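Asker: Next up is a structure, given as structure tokens.
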Amino acid sequence: MSLSKNSHKEDQLEEKVLVVNRCSKVVKGGRKFSFSALILVGDGKGRLGYGFAKANELTDAIRKGGEAAKKNLMKIEALEDGSIPHEVLVHHDGAQLLLKPAKPGTGIVAGSRIRLILEMAGIKDIVAKSFGSNNPMNQVKAAFKALTGLSPRKDLLRRGAAIND
């Protein structure tokens with residue numbers, strides 16, 4: 001049996017649980033729990049997605065979050081030599097995120113959530129600092145906004161923008 005192109009692509013994707021949250025509702029018979037999960041999906045080569053889902057069972061929330069993340073996949077075009085071409089500062093709600101390119105061998109210098117996103121995107125050398133809100137969803141959205149807003153080096157050179165080497 002041969003595999004279709006889509007199933008082959010999905011096999012390469014790595015899925016990580018970023019945050020799991022449990023909520024409880026007090027009802028007549030006791031407490032009723034529900035779960036929410038924030039899931040990251042990436043291939044380490046520039047394809048990245050995130051998904052958020054809720055369910056009454058933890059495994060269902062994780063499964064639904066993974067499906068949502070695969071539907072939300074995006075390609076980060078501006079990656080080069082394991083880093084980003086320029087510095088970027090992004091705001092999303094209360095979260096701010098600063099990403100700076102780093103020299104080869106530096107590694108990923110970032111907090112745990114942002115580090116996981118950058119690793120799954122395939123970035124090897126970068127310095128990141130988050131300010132403001134540490135709400136996981138806001139940090140993830142800020143990171144995706146920063147990564148999708150990057151301009152490739154050739155576009156910057158064509159415009160005549162200054163680039164630090």
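Glycine is treated like the rest: Cβ placed from N, Cα and C.
So Swiss-Prot has the following annotated:
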- 13-76: domain 'S5 DRBM' (DOMAIN)
Asker: Would you mind splitting the domain 'S5 DRBM' (13-76) into helix, strand and coil residue counts from DSSP?
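Answerer: Once the DSSP states are binned, the domain 'S5 DRBM' (13-76) shows 14 helix, 38 strand, 12 coil.
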Asker: Take every residue in the domain 'S5 DRBM' (13-76), average their pLDDT values, and give the whole-number result.
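Answerer: The average pLDDT of the model in the domain 'S5 DRBM' (13-76) works out to 94.
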